[in-house]
Every structure is written in C-alpha cells, then in structure tokens.
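These features come from Swiss-Prot:
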type: TOPO_DOM; residues: 1-5; note: topological domain 'Lumenal'
type: TRANSMEM; residues: 6-23; note: transmembrane segment
type: TOPO_DOM; residues: 24-680; note: topological domain 'Cytoplasmic'
type: DOMAIN; residues: 60-204; note: domain 'Flavodoxin-like'
type: BINDING; residues: 66-71, 117-120, 152-161, 187; note: FMN binding site
type: DOMAIN; residues: 264-509; note: domain 'FAD-binding FR-type'
type: BINDING; residues: 283, 537, 599, 600, 606, 607, 608, 609, 610, 642; note: NADP(+) binding site
type: BINDING; residues: 439, 440, 441, 442, 457, 458, 459, 473, 474, 475, 476, 680; note: FAD binding site
C-alpha cells in the first residue's frame with residue numbers, strides 16, 4: 001500500500017522522536033552506557049590515548065603519576081568504584097604508556113581523572129615527566145576536556161603537592177572544565193588515605209548532583225578470571241614462582257646482564273659484603289655492598305638504589321591463614337583479564353604463594369578504604385557490621401586499627417576473632433591489595449671510587465607491639481637476614497625470609513635492583529665549598545660525596561672545603577662509619593671539618609645538627625659568602641625544617657635583614673640548586 005505524504009511525515013517524525021528518546025536515555029542511563037556517548041572504535045597507533053579510549057569503548061580515563069605505587073593503587077581502586085557505583089566505562093592508564101599530541105581533541109563525553117604524586121623538589125614522577133613537559137610547553141587549547149585532579153604529596157617538603165596544583169592550574173588555564181573540585185592528600189600528616197576518601201566523596205557528589213548520574217549499590221565485579229590449574233605445578237618451566245618478569249622465567253638465551261634496568265626490569269645484583277653498623281642490641285643498621293661488575297648498570301654519586309622486596313615468612317603465613325590459603329600456596333593459578341584495558345600485574349600462570357610473597361603489599365598498615373571495600377566478604381554478619389562501623393568512622397578506625405599498626409591479616413583476624421575470611425575471592429585481593437614496589441635508598445658510595453659496587457646504608461625497621469606482634473620494614477629486615485646469614489653471626493632475626501628466591505635465582509645473596517637518577521649532586525666545579533648536613537642514615541649520600549672528594553684529591557684534583565654536620569643518639573652506639581671519618585680527614589686535610597651532635601649522650605641536654613650549625617655560624621656564613629652549596633639529607637618532618645630555619649637565622653644576622661626575608665632568600669636558593677635536599 002502506498003504511503004501518502006502525511007503518513008510519511010508521521011513515520012519520519014516518530015522515527016526521529018524514538019531516536020532522540022533512545023539517544024537521551026543512552027546519555028542519561030548509566031546502567032546501560034554510563035552517562036556518556038562513545039565514538040566508534042578504530043585501529044591505530046597503540047600509544048594514541050584517544051584511539052585506545054575509542055577502541056575499548058571507554059568514557060572515563062584515569063591517568064596516574066606514581067613513584068611508589070600509591071597513586072596507581074588509588075587510580076585502580078577509584079576506577080573499580082566508578083564502574084560499580086555509576087556504571088562508568090573506565091580505563092586506567094600510565095602516562096608513560098601513551099602519547100598526548102592529540103589530547104586536545106578529546107571530546108566532552110569523556111571524564112578524565114588525573115591522580116598525580118609530587119616527587120623530590122616539586123618534580124613530576126618519572127612516568128609523568130613527558131606528559132608534564134607536553135602540558136607545560138606544548139599543549140594548546142583543552143576546551144573540550146572535562147577533568148578533575150587529586151594530588152599526592154608531603155607537607156614536610158618545600159614544594160608540597162606542586163605537581164597536582166600545577167596540573168590543576170594548567171588544565172584550567174588551557175580551557176579545561178573541572179567537573180569536581182581539586183583534591184590533595186598529605187602523607188606528611190599521615191592522612192593521605194583519609195584525604196583521598198574525602199575527595200572521592202566530593203567527586204561522587206559532583207557526579208550525582210552536577211552530572212545527574214544515578215548511584216547504584218556497590219558490588220564487586222572482578223576484572224580478572226582466576227582458574228586453578230591442577231595440570232601444572234611449580235616445576236613447570238612456564239610457571240612463575242615470583243621472578244621479577246617474564247625474561248627471568250624464560251631466561252634461556254637472554255642476556256640478563258644488559259640493561260636498560262628500571263622499574264620494569266631489574267638486575268640481579270650479588271651482595272658481596274654486609275656489616276652491622278650499630279653496637280646497640282635493640283637497634284640495627286646494615287651497610288650493604290652490591291656488585292654490579294657483571295652488568296652494564298651504572299650510577300653516579302648521589303643516585304638512589306631501588307631494591308625489589310619480598311615478604312617475610314611470618315607475614316605470608318598470617319596472610320594465608322587469614323584467607324584460608326594455607327594448603328594452597330603451591331597451587332598454580334592462571335589469570336585472564338576480563339577487560340581489554342586491564343593488565344595482569346605480574347607474570348602468570350603463577351602460584352598463590354608466589355603472588356603473596358613477591359607481589360602483594362601484605363606487611364604495611366591496612367587502610368580504611370580497604371576496610372570498607374572488604375566488609376561485604378566478612379565471615380559473619382556481626383563482623384560485617386563491626387567492619388562497616390569502624391571503616392565508616394575515621395576516629396574509631398584510627399584508635400582501633402591504625403594506632404595498633406595492624407597490617408591486613410592482623411586487622412581482619414582481630415576483628416573476626418581469628419575466623420578466616422575464606423569467602424574473599426583471590427581476584428579481589430589481587431585487585432585491591434597494593435602491589436609490592438621497589439624501596440629506594442640513597443647510595444652511600446662514590447661512583448668515582450667504587451665503580452663496580454653500590455653501597456647502601458639502611459636502618460632496620462623492627463619493633464614489637466605490646467601484644468607480641470612484630471612490625472617490620474620489608475626490605476630492611478630482608479637485608480638484616482642476609483647480613484646475619486652472610487656473616488654467620490648466630491643472631492635470631494625478628495622475621496625470616498626466603499633468601500634463595502624463585503628457582504634459586506636469589507641464592508648466593510642476590511637481589512633485584514635498579515638505579516634511579518637523582519638531582520642531588522656535588523657541584524661540577526670541584527673547588528666549590530659544600531656544607532653537608534645529615535643526621536642518622538641521612539649521612540648515606542654525604543658519605544658518598546666525601547668519598548668522591550677524597551678520590552679526587554688522590555687523583556690530583558683540587559677540591560673546595562667540605563664541612564659535615566652529623567647527628568646520632570650516642571657516639572658509642574649508633575655513630576655511623578665512625579672509623580672512616582678520620583681517614584677522610586687525613587686525605588682532605590684542612591679542607592674537611594666534621595661537627596657531631598649527639599641527642600642522647602648527655603641526659604640533661606639534647607643536641608641536634610641545627611644546634612651545631614648555629615654554634616658554628618661564623619664558619620657557615622663564611623662558606624656561604626664563598627658560594628658554598630648546602631646539602632641536607634634525612635628526616636623531612638622536623639630536621640629539614642629546623643636546619644633551614646637555622647641557616648635563615650645565620651643569613652639574617654650576617655646580612656642584617658629580617659628573618660622572614662632571610663627565609664625567603666634561603667628558599668630561593670633551592671630553585672638555584674644552592675640548597676639541595678634528599679629528604680623523606
């Protein structure tokens with residue numbers, strides 16, 4: 001039957017109306033399409049961030065800049081919650097994995113989260129450096145960008161959250177539309193997790209109130225599928241037992257002595273010497289020398305050594321008990337990503353035990369965020385209610401969990417009266433427990449005098465709580481285990497480690513390491529005077545500096561004055577490298593002076609490095625007038641600030657200016673590299 005014009009008009013009108021209706025619902029119905037339209041996918045450059053979003057049908061991008069893994073962990077957890085609560089199609093991305101030349105072409109239907117840490121003296125993390133350069137120097141208009149930023153920083157540092165604030169400012173200046181308030185966390189006050197949770201709540205409010213998203217009940221949806229492989233065992237050559245990466249599993253024909261070595265691929269360095277530096281019975285500090293002669297790994301004086309950790313036997317046993325895995329540690333599992341943008345964070349197939357020992361951060365303090373996320377898997381309703389209550393109240397969480405220094409297993413077993421949490425999927429743990437990341441140590445040797453070895457100096461973090469639980473640092477206790485075994489001291493360590501490693505690859509005292517470059521460097525002109533300030537293990541890189549100048553003198557090079565201010569508790573118990581300093585003085589002569597502050601030597605008077613600086617203000621002022629560069633290493637929370645205040649006081653007096661003006665002058669020296677810090 002033929003259609004007349006009126007019928008045709010009505011049909012066309014209905015089609016348009018229906019299309020508009022579904023288009024509107026597609027935009028607003030988060031359960032079906034998460035609130036944003038998606039463009040067609042297409043093939044192209046794998047480093048093209050926009051192509052990746054289109055190809056994988058994503059409408060929410062979370063970019064992280066992370067040095068220690070915390071920002072990455074936050075990004076992953078937020079991604080899962082955005083998907084579960086609001087149906088957003090999320091993609092977590094490492095800045096370093098993509099190019100951003102066409103980032104200005106991003107469309108308004110994409111939400112972008114920047115979760116970025118500040119590293120060092122207001123610098124971006126290594127993986128965010130190229131994006132930072134692009135945003136600062138090359139980016140044009142970003143008028144179609146919808147974004148928000150969370151910065152991770154430490155208020156004890158001079159440039160607190162500089163990168164988060166800079167990103168937020170530049171993105172706005174270039175036309176971006178911030179859909180949720182900027183947020184920042186402060187590790188210096190110990191409130192990083194709480195700050196993130198507060199910001200996350202604000203983001204969710206913005207999504208609901210400003211962007212009209214409907215919030216759903218939070219439900220765990222795994223990104224990975226886990227299969228237990230009964231047909232495989234740890235003896236199969238393709239099964240990971242905790243090797244750093246695939247190259248170390250399938251190492252036949254692969255030269256593992258050639259770099260580049262970085263956070264994705266370490267060198268297995270042999271520890272050739274260890275030494276206990278303290279004489280105290282209850283405190284320990286180890287000197288460790290890594291042999292790099294078998295590789296092309298290089299360093300320069302002042303760099304950092306990254307040591308790849310593993311967990312202690314005791315913490316592994318407790319974690320396995322908590323989740324009912326005691327009899328499954330040798331069982332092989334295979335993981336497959338259910339989302340095309342999710343990357344399995346370690347080689348697999350792999351055993352449960354290898355994941356727990358080498359890849360999960362099980363020894364550190366449990367966060368309130370994790371508490372809330374795991375409550376639904378509690379072994380009984382009473383524990384679930386208790387967990388939800390404690391996790392929902394930051395004061396109660398602080399008093400009942402944080403102050404007791406509970407790790408994950410400690411907290412869960414305490415709350416459940418030692419009933420195992422057997423209903424927690426292992427996939428959940430892989431996705432929600434932060435992954436083990438390298439620990440960084442200031443190198444205490446000189447690349448001029450120790451070309452083939454790298455020295456580190458580490459105080460062993462170990463204490464026993466009132467209930468008898470050991471609270472231990474991961475790497476420092478591993479190093480202490482090696483020192484005890486290598487020197488056959490007969491001591492009993494607080495916790496124990498597998499020193500042989502996967503398939504015996506760590507035997508004969510080897511550990512995976514890589515070098516991270518640092519800007520904490522001696523002046524290129526060797527005659528420039530230097531003022532070195534480093535109490536405790538803060539003296540580590542300064543020892544390297546002094547050794548460098550000693551070697552320069554031996555090589556016939558003229559050097560400037562070196563003045564070292566060192567501090568410790570007691571001259572007889574924890575004076576680091578006590579015998580060495582006189583040897584250095586004999587070589588450097590009048591170009592070396594050392595002043596020691598002992599905070600607990602005299603019970604009636606505590607003396608700190610800043611006191612010694614003020615006592616020798618005339619010398620300090622003379623050196624500053626001669627163009628001396630100041631180097632400070634150690635505790636950022638108090639020491640670094642007190643030292644800076646002491647220097648400002650000396651400057652104010654010598655130049656007859658107000659201390660506030662002197663403080664600003666000293667602060668400006670940091671920008672000029674006349675005042676350098678390596679603090680934590």
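Keep in mind that glycine also has a Cβ here, set from the backbone N, Cα and C atoms.
Taking the features listed in Swiss-Prot, we show where each one sits on the structure.
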residue : record               : DSSP class
120     : FMN binding site     : coil
154     : FMN binding site     : coil
160     : FMN binding site     : coil
283     : NADP(+) binding site : coil
441     : FAD binding site     : strand
457     : FAD binding site     : strand
599     : NADP(+) binding site : coil
606     : NADP(+) binding site : coil
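Here the CA atom of residue 459 (FAD binding site) lies 19 Å from the CA atom of residue 608 (NADP(+) binding site).
Here the Cβ of residue 160 (FMN binding site) has 18 other Cβ atoms within 10 Å, regardless of which shown protein chain they belong to.
Closest by Cα distance to residue 117 (FMN binding site), from the binding-site residues 283, 476, 599, is 476. Ranking the binding-site residues 117, 459, 474 by other CB atoms within 10 A of the CB puts 459 at the bottom. Sequence-distant neighbours of residue 283 (NADP(+) binding site) (same chain, 6+ apart, CB under 8 A from its CB) are 459, 460, 573, 574. Cα of residue 457 (FAD binding site) to Cα of residue 120 (FMN binding site): a distance of 20 Å. Here the binding-site residues are 439, 606, and the one whose Cβ sees the fewest other Cβ atoms within 10 Å is 606.
Taking only the Cα positions, the spacing between residue 160 (FMN binding site) and residue 439 (FAD binding site) is 21 angstrom.
DSSP labels the residues of the domain 'Flavodoxin-like' (60-204) in these numbers: 64 helix, 37 strand, 44 coil. Long-range Cβ proximity for residue 599 (NADP(+) binding site), meaning a same-chain Cβ under 8 A and a gap of 6 or more residues, is found for 567, 568, 569, 606, 607, 608. Non-local contacts of residue 441 (FAD binding site) by the CB criterion (under 8 A, 6+ apart in sequence, same chain) comprise 304, 305, 306, 307, 456, 457, 458, 540. If you take every residue in the domain 'Flavodoxin-like' (60-204) and average the pLDDT, you get 95.
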